[in-house]
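Over in TrEMBL, the protein carries these features:
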- B:1205-1216: compositional bias 'Polar residues' (COMPBIAS)
- B:64-125: domain 'Peroxin/Ferlin' (DOMAIN)
- B:137-170: domain 'Peroxin/Ferlin' (DOMAIN)
- B:840-901: domain 'Peroxin/Ferlin' (DOMAIN)
- B:912-945: domain 'Peroxin/Ferlin' (DOMAIN)
- B:373-392: region 'Disordered' (REGION)
- B:406-448: region 'Disordered' (REGION)
- B:1201-1231: region 'Disordered' (REGION)
C-alpha cells in the first residue's frame, strides 16, 4: 500500500462480521435462526439491517413486533453512532463474529433514539457533516454545495458507493495550504471511564507556533488519563477504525483519512486487554 | 503518451531539446547560428535566430511532406489540325488551372524555397475520376466550362489533361530559414509563438504562428499546414499599441504584452478566422510594475511582471479569453512557457534554471510547486562518475552541486539532513535543525537560501527574503515547519517521489555527490522530497539549494508548447545521474534526506494495521452476506460521448445505467459515463430523478440523444451521447424515459393542463405543470420542468384545458390528439395500446444553385474563389449538392426528385432564378444591369412514417389553429376552434367538444386578404394576422354567433409586419417579422453562434426569424381592439398566451455557459393583473425548440399574497389597480 488513497478505500470497505440473534424473550412462532452479515464499518445500523429485520419477522407475529433495536452484551447499541465505532467501543477485544442481539419490544427510550425511517439517519448524517464543516471551514464548503451534492454524499453512503461519495467528500477535505489544515479538527472521543457520551471540543490541527498537532497532543489536552505515563503499562488503547495509530500521527492527516463519512474523527479509548 | 520534446535556449544562443523520455539536454548541433527564442509544436519547432530571421525545424516523421502541383493542358479541335493547342480567343489558356482562370504553364511552377525538392518530373495523370483513360489522359467535352468524359464523342470539341508533379519538403530535422518575403518586412523580428493547432483539424497540421517585430508590430503567418510547413505569407495584424511579446496557446487563446506593461487578448479566433478579429485590453497584475511576459495554454494564462513575480490568470476559457482576475504565484521567474495539457515551465530569475511546475492537473491548473529540471547537457565533459553516483543521483530528484571541496563526508551531514535540515546556509555547512549551520564543512562562495516548501511557505520565504538578511533566520523557520513531517531516515528505505528509487548504501558516502566544475554561474537545484498526495494532505516540501557551482551557461528561453507531459508523467529530468561526478572527492551539499513523509513510521503503522485489520475482520468471513446489496439492476453499453472539454469531439465511453430501489421503495437510478481523460479513468454521472428531458437527435451520421438536467439546461450544454445503431439508441431512450417518469411518479397520458412543445425536428414533448409554475413571486424555475416525449411528428400544436389538442404537420395536415401516449419508439409500458395510429409527414428539403456572371460565358457555375459553394444551403456556408444531400434523418425517405422551386419569397424569373449584386445580399426575381450573381432554389420532398396518439382531420390543409382557452372548471361544452387554411382562408370548426375533439365540419369565414395566424382568447376574442403583416380583430364572436360578424383592422406597430398573435384571458401579444433579412449583421451573429453549437439540430428554418414581442395596450371588454402596441422584448420567434394570461415564448439567442442556443422556451416572470407584461424572462429548455403552447394550463397558482390581501382589505394605494380590474374580465372568461 503506497498511497494514502488506499487508506480511504480500506477505511470505507472495512466490514465487521456480525451474528444477529433474536432476543430469547421475544415471542416467536418457531425458533429463529441466527443471521450472519458483513456490516460496513462506516455505515449506520438502520441502513444495513433491512435483511435482519426481514429474517426475524418471518418467525414472528406482526402484533408482537415493535421498533427493532440492537444490543450487545446488555448494552443497547446507538444507531446514530457509526457501526465501526460501536464495535470498537463495545466489542473490540471480543471474538468475531460480533454478536448482536435483536429486540422487537421494550425499546429502551432512555438509551436510544427512535429511528422510524431512514430519513432520520439521513438527517443525522447530514447534520453531522454540516457540523464538521462548520468546524473545518466555517461551513463554507458545505453551504456552497448544492442540494444534489448533499444527496450524492448520502446516496454514496447509503448505497456503499465509494467513488460517488468521495467525488463529493473530497471538497470537504480541502483546505488552504497556507493554513496547514482545517480551522478545527472535528473529532469525538469516546471513553469507557466517562459518563459523558463523548468529548468534543475545539482543537486546531496546528499549534500556535506552527507545528502540526499530533494525536498525542489531542489526547494530552482532552483526556490526559488515557495516555500512558512513563514506566507504566499500557492501560488504554486508542482505537480508530479498529486500528491503533501511533500517537505521533499528525492529527490533520488523521482527520483527512480516518474520519468517518460524517467527517468526524471518532476515537475510542478502551481499556487495554489484560492477557 | 508519445515522446515529445522540451526546447530551450541558453544565454549563448545554443538550442537544446530535452525528450520527455530522456534525461539529458541534447544540443541542436546543426543550428546555423545562435538563436534567441524557440517555440515548438509537436511536429516542428520554430525559432528566432540572432539574425532576427525565422527558422523552422520540421521533425522527421513517417509521413513525408509532399505536395502535389497540377496543371491542365487544354486543346481544341479544329478541322485542319484536329486537336491542337490553338484555342479560340475566348478560350482559356493552353495551360491553366482546373477552372481555366489561371494561366499556368509547366515552367511557371517553382519550388517555394530551398527546403523543397522535386520528387520527379511532370507526368500526365492517366486516371480520370478513378478510371484509367485510353489516350494519354485526355478528357473530352463539348466546350470548356463543362463536364468532361474520358470518351471522345462526335461532338467533343475540346479536350484537356492533367499534369502532375510532386514536390517534397527535404529540410527535415534541420533548421531551415524561412525565406523573407519579397515585399520584405520592415524590421527584424523579436518574438515568436506558435500554437492554434486545436482550433481546427482541417487542414492537417495547421498551425498559427505569431511573430512580433522590433517595432512592436505583430504578424501572422498564413497557410501553415502539413503540406506547407513553412506557411505562405506574413499578414500584419493591427494593434492597439506596441507589442513586445506574444503567446499563442494550442487552442484559441492568444495574449500579448504591450510595451507599457498592459496585456492584450485576441478575440474572435475561430476555425474560420484563426487570426481573430480584435484585441481586448487586460490590466496588468500590478499597476506599478507592468507585465513583461505572458504565456497561454488551452485554458490558462501565466504572466511575469517586471519585478519577476509570477501571476496566474483566473477564469480563462475560450468564451472568456480575458479571464477574471490575477492570482499571485510563488517564485521569481524571467519567463514562462505553458505547454500541452497546460503544463508550465519557467526560467528562474536568479539561477536561470529551467523549472517545471509540478502538480498541474485539469482541476488544479495552477499546480503545486516549482521544480528545477536538472538534466545534464549533452556535449558537456563526460564525467567519469562511479556507479555509486548513478544510484545516488537517481535517489535525489535534484541536482546537488557542491561548490567546494570538503575533505571528508561525515555522517553528521547525512544525519542532519535526514532530520530535515536544510543545509543551505550562508556558511558552507550543512546542518540539522538541532545543530544548525555550525557544522563547519565547506566554504561556499554564495549564500544559499532554502527556498521552496509547499507553495504557501515559499511565498512567505520569498517575500521575507532580502539581500541583507542572513538566511539563518529563514532556516530557523523551516525546520519548525517541517519537524513533524520528518523522521530519521535510514538510507535504504527512503522512497522517492515516484516511490521507485532506493538510496543505495554506496550513496551514503555522500561525497561523490558533489559536482566539481566550478564556475561563477549559479544554479539552483530543487529537491522534491515528498510527493503531494492526491488529497493534498501531505505538505510538499522542496528545497532549493542555491549554490554557485554550476558550470552550465544559464538558460534564456524555454518552450514547452510541443512537450506532451502531464502531472502524471514519469519524468527523468530531475535526476542528475550522468553529471554528478566525483572528480573531486568533496562532499558538500550532502544527502538532503529529509525522510519522505511517505515512510514516516506513523504512516507505515496505519498501512500495516489496516491490512492486518482486513485480515482479522474479513478474511475468515468472506462467505457472509454483504449488508448492502449493490444496485438492483445495471445496463451497460458502449457509446460515444461529445466530450465536455475542448476540442469537443466524440469519444468512446462506457455508458451505464444503474437502477435501484430507494429506501422508500421508489425506483431511482444513476447514469454513469466512464471516460478516459489524459489516460486517467474518470466518470460523469447524472441522477435519473434530476434528468429533465431526453432529446433524440438523429441525423444520417450519428444516432445521438441529449440528456439535460436543470443545471445543464442553464449551461445550454447537455450530455450528448451516440449509440452505435438506431435500435440501440431507441432502446436506451425508451428505458431512460420510463425510468425518468417512474422516478417522478408520472405515468399515462398527459393531463389536460399539460404544456406541449415541439422541436425543430418535429418531436413532440409535454410537461406537467405544477401549480407553482405560475406562482408569484416565486415560480418554479423553467429549467426544472420535466419534459417527456410523445410519439408523432408535428410542426405546431395547440390545446386548451379541456384536453382538446390539435396539431399541424409539416405538410399542413391537421391532426387531433386521441388521448393516448407513447407511440414512436416507445413500446410496452411507455405506450398506450389503443389510440396510437400511424402518422405521416412530408416536408421539402431545399438547396440552392448559385451562379456568377462573367463577361465571356454569362452566368456559369464558375464562381470566384471567395464565393460560396455553387450548390449550397440557404446561407451558402455548407455545400449541398443534388446527389450529396440526404433526407434529414434515416426516418425520412425521398418521395420526389429535385425540382426547381418557384415559390420563394421575393419571386423568381421563369427559370426560378433570383438575382443580386453579390452573394450575401437580398435577391429579387428579375435581372438588372447591376446583378452579378443569381441563385435558385431546388426542392425535394421526403416523407416520414411514424406512430403516435394522433388522428388525421382531412381534407383541408392548415397553417394555423387555435382553440378557446377555458378555466379549469368550465361549463362550456363546445369550444370554438379557429384555423387558417394553407391558402390563407379563415375557418371555424363546429362541434368541437371534449367528447369529440375533432369536431364535425368547417365553417368558412370571409376575409379580404389571406391570413397567416389566428388566436382565440377568453370571451371569444378572436385576433388574426393577415399576410400583409397587419392585425385584425373579429367582432361579436359569441356562442350563439360562433363566426362573429366582421373584421376590425388593427394597424401593426410602426414599420413592422406582424407574423403571429396569441390571445390569453385579457392580454394579447403578437410577434413581428423583424430581422428577416438574412444579410443583416444580427442575423449573421445568430448563424455563427448556432454553427458553433454542435447540437445537431441542423435544420434551421428560415421562417423562424427572431422578431419583437408586442403587447396590446388598452384592451377592455367595451373596447376589445385596444389602443396601441407596446414593445415587450426582442429576440422572440413565437408567443403563447395562457388562459391565466401567462406569457411563454420561443426565444432566440439565449446565452448559456457553453454556447449560444437558438429556439429556447422562456417564461415571462412577474406577470400580474397590474403588470400584464411581466418583468423578466426565465429560460427553460432549448435550443432547437420551435413551438410551445401553454394554453392548457389553467391551474391557478397558490395565491397566498393576493388572497390575504383580498380577505383583509381592499387594495391599498400601493397597488392601485390590482384584483379589481382583473375580476370582471375573469368572470367574463368563464361565462
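Backbone N, Cα and C atoms are what each Cβ position is placed from, and that goes for glycine too.
TrEMBL entries are annotated by machine, without manual review.
Residues in the domain 'Peroxin/Ferlin' (B:840-901) partition by DSSP class (helix H, G, I; strand E, B; coil) as 0 helix, 27 strand, 35 coil.
Using DSSP to sort the residues of the domain 'Peroxin/Ferlin' (B:64-125) gives these counts of helix, strand and coil: 3 helix, 24 strand, 35 coil. Within the chain carrying the domain 'Peroxin/Ferlin' (B:137-170), a Cβ under 8 angstroms from the stretch's Cβ atoms is held by residues 58, 64-77, 83, 91-92, 100, 106, 109, 111-112, 115-129, 131, 229, 857, 860-862, all 6 or more beyond its ends. Residue counts for the domain 'Peroxin/Ferlin' (B:912-945) by DSSP state, with H, G and I taken as helix and E and B as strand, are 0 helix, 18 strand, 16 coil. Packing against the domain 'Peroxin/Ferlin' (B:912-945) from elsewhere in the chain are residues 762, 793, 838-853, 859, 867-868, 876, 882, 885, 887-888, 891-902, 904, 906, 1077-1079: each is 6 or more residues past its ends and has a CB under 8 Å from a CB in it.
Taken residue by residue, the domain 'Peroxin/Ferlin' (B:137-170) breaks down under DSSP into 0 helix, 16 strand, 18 coil. Over the domain 'Peroxin/Ferlin' (B:64-125), the average per-residue pLDDT in this prediction is 84.
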